[in-house]
Each structure stands twice: as structure tokens, then as C-alpha cells.
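Some features that Swiss-Prot has for this protein:
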BINDING   30-37, 149-152, 178, 186-189  ATP binding site
ACT_SITE  37  active site, proton donor
BINDING   61, 155  (R)-pantoate binding site
BINDING   61  beta-alanine binding site
């Protein structure tokens with residue numbers, strides 16, 4: 001595995017790979033790798049000749065400085081994992097390489113509408129940071145494919161819009177959420193959970209599933225009551241609820257009666273840890 005820390009060296013390597021007509025797959029990460037990342041790498045291998053994983057803890061997408069400071073930095077462990085799974089290139093740049101003039105003076109890229117709602121409303125500037133670093137990585141690496149998990153569904157949708165509207169010739173491939181046996185969605189932030197919170201956290205997906213089952217069975221006019229009861233149940237379990245509702249699968253607007261494909265999005269706090277999850281539903285009209 002070739003570890004690259006500068007854009008100049010990365011450009012040189014990409015130029016060689018492009019001349020050889022190699023299909024490049026990109027898996028962007030912030031490190032602290034888990035089984036979800038590994039599944040993305042294995043998926044990338046099915047499509048790509050060359051696998052590039054980036055590790056960059058992007059300060060531009062953090063709305064909380066203490067969250068940025070406390071984010072796990074596990075480069076040695078991560079590099080061992082990436083070597084084990086035969087990743088070709090690890091791009092591990094310093095912050096000054098990505099933002100040489102500082103974040104305050106950085107030109108940014110933003111998908112206007114979707115970046116302002118739901119998670120974007122709760123975390124101002126977060127998605128602007130995501131789309132800016134993803135745009136930079138796409139420009140540096142020029143991948144044929146890029147791989148993202150479906151747990152961060154709003155982020156996935158935003159990146160798909162970014163690719164379409166900026167005319168990138170990149171295929172975005174998503175991976176269904178990877179879960180522990182108890183149903184908890186894998187996330188680097190799960191490391192923040194205390195032992196007691198780890199016992200409570202799986203209830204999030206259990207309640208999501210139950211809610212979806214009820215929504216499918218009941219009439220439209222009962223839906224607000226079902227959502228409200230689920231929020232109360234989450235609060236009783238110890239969660240603080242930020243987002244818990246169903247949205248149009250394509251645009252995250254509140255669904256009209258004609259829309260069949262919807263998604264239940266959940267964003268909650270458990271102690272000091274933010275957990276997000278979702279489940280797709282096909283409504284029976």
C-alpha cells in the first residue's frame with residue numbers, strides 16, 4: 001500500500017493510473033475505521049482496479065470544536081486494516097495540504113436546498129464542509145466510482161446531487177447500513193457511548209422498525225400519531241429526539257399522498273453522542 005500525504009504526489013500517481021486505463025474507486029473516510037468501512041472497500045473491489053481510501057478529519061464539517069478535538073485519531077490501526085484488505089493507495093493529507101489558507105478563507109461548495117434542512121438545520125455548515133472536501137477529493141483523484149454508506153442518507157443524496165449538477169463523470173455507489181447483531185448502526189461515534197448507553201442505543205433501530213411497520217399498516221391520517229408515540233417512547237428510553245419523521249425518498253420533502261417510496265429519518269442524542277439512522281418504506285395506497 002502506497003501512503004500519499006501530498007496533492008502533488010497524488011496527482012502524479014493518478015496521471016500514471018489514468019494512462020493505464022485503470023478504473024479507480026474512492027472510499028472517503030475520516031479514519032477510525034470499522035466493519036462498515038471494510039464492507040465499502042470490499043464493494044469497491046468489485047468495481048475498481050485500484051482502490052484509494054482517504055483519511056482526513058475534515059474540520060470544515062464540524063459544527064462543534066470539542067467534537068472535532070475529541071474525534072478518534074487511529075491512523076496506525078487504520079493503516080494496518082487497509083493493508084490487510086489490499087488497498088492500493090491511502091491518501092492521508094495534513095490539514096495545511098487541504099486548506100493552505102485556512103478554513104475561513106476557503107472557497108466552498110454547497111448543495112443549496114438539501115444542505116439547509118434536517119441535519120443541515122441542526123448542524124449549520126456541516127454539509128457545506130462535506131461537499132467542499134468531497135469536491136476536492138474528486139478533483140484530486142478523478143475516480144470512476146465513489147462509495148458511501150446509506151446510514152448518512154441525507155449526505156448520500158447531497159453527494160449524488162453534487163455529482164449531477166457539477167457534471168462529474170463519477171458513479172456513486174451506496175452500501176446499505178451495516179449493523180451489529182443488536183441492530184445498532186455502525187458508526188465511528190459509537191466509541192463515545194458509555195457501557196450503559198451501549199445497552200440503550202439499539203432501541204433506536206428497534207423503534208424505527210416498529211414505527212415503519214405501523215405506518216405501512218395504518219391510514220395516512222394516523223401517521224402523525226404513530227410518529228408522536230414513537231418519539232415519546234424514544235424519550236422514555238433516554239434519547240433526546242432531534243429528527244424522527246418520514247420523508248420523500250427522492251428529495252427529503254414531506255411526502256404527498258401520491259408518493260410511495262419514503263424513508264424514516266432519525267437523528268437523536270444519547271448522552272453526548274449523536275446517533276443517526278433510517279429505514280426505507282414502500283407505502284401501500
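Backbone N, Cα and C define each Cβ position, glycine as well.
Among the listed binding-site residues, namely 61, 155, 188, the Cβ with the most fellow Cβ atoms inside 10 Å is that of 155. Of 30, 36, 188, all annotated as binding-site residues, the residue with the shortest Cα distance to residue 61 ((R)-pantoate binding site) is 30. If you take the Cα of residue 178 (ATP binding site) and the Cα of the residue listed as 'active site, proton donor', they are about 9 angstrom apart, rounded to a whole number.
The two recorded residues, residue 37 (active site, proton donor) and residue 155 ((R)-pantoate binding site), show a Cα separation of 16 Å. Burial estimate for the binding-site residues (30, 33, 178): highest at 33, by number of other CB atoms within 10 Å. You'll find the Cα of residue 36 (ATP binding site) roughly 16 Å from the Cα of residue 155 ((R)-pantoate binding site). Taking all protein chains in view, 19 other C-beta atoms sit within 10 angstroms of the C-beta of residue 36 (ATP binding site).
Neighbour density around each Cβ, counted as other Cβ atoms within 10 Å, peaks among the recorded positions 37, 150 at 37.
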